[in-house]
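Right, one structure below, let's go through it.
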Amino acid sequence: MIPDLEKDYLYFTRVVKRDLGLDLALYKETQMKRRILSFIVKKKYITFGEFFKHLKKDAVLLDEFISLITINVSSFFRNRNRWDALEKQVLPRLLEDSRGKLRVWSAACSSGEEPYSLAMMMERSVGTRHYDILATDLEPAILKRAVIGEYQSRQMEELSEQERHTAFVEKGDTYQILPKYRKSIRFRRHDLLTDYYEKGFDLIVCRNVLIYFTAEGKHQAYQKFAESLRRGGVLFIGGSEQILNPADYGLATLNNFFYIKT
């Protein structure tokens, strides 16, 4: 058992924020502490303090740690019925209101399934009209996987046969996304809790991530998302992430998953 666990963890969160810029206090403490403690025990460190000393010196360990605190569960068109609503109900509205290039942000994009799903949807719905997709995540290693765009069949269960054949090249046991979809996406490292949010988006997609944030962390993220949307732009979130008072952020409810900037 790690001695003085509570005191040690509080010290750890302070120095991680000060030296690494990661604010663990904005994640739910019980879940985050349990996850980090399990990792420390696995790595055979005695205290959070000892672990932090090595974390600052070991780039590989730091990458592992960032991967640990990042939630990376994704698939193409996850919860397909909600993507159908996006394509058939929300996107036509955005296209009607938007002028010029349609700007989309896939926030906390994990290994790329979400932004590539957006690119496939845009390709068939927008046609020759220009669009730009920004895809961001906290973890550099997971972003590298997203750029490569190679996936196992289990990650593609929601895809139709036509989508598999038109958007991917089969490579043995894996599927490689076609280059034209990669070219339409800008991948970038971004921390939702601390980094600057670009402005002027027509659509922001951030699903099944904020459930791991504290109330304060969620409030900050929703406020910044609202500021990043153009008037009439839409925020698409996960089914368990309902915004209780959207008007506080200048948003109005389209349904439980879509919020429009008023």
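The backbone N, Cα and C atoms fix where each Cβ goes, and this holds for glycine too.
Remember, it's a predicted structure, so these values are computed and weren't measured experimentally.
Taken from Swiss-Prot as is:
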- N72, S74, R78, E114, D137, D191, L192, R207, N208: S-adenosyl-L-methionine binding site (BINDING)
- 1-262: domain 'CheR-type methyltransferase' (DOMAIN)
What is the total of other Cβ atoms whose distance to the Cβ of L192 (S-adenosyl-L-methionine binding site) is within 10 Å?
21
In the structure shown, with every protein chain counted, which of the binding-site residues R78, D137, N208 has the densest set of Cβ atoms within 10 angstroms of its Cβ?
D137
Three-class DSSP secondary structure - D137 (S-adenosyl-L-methionine binding site):
strand
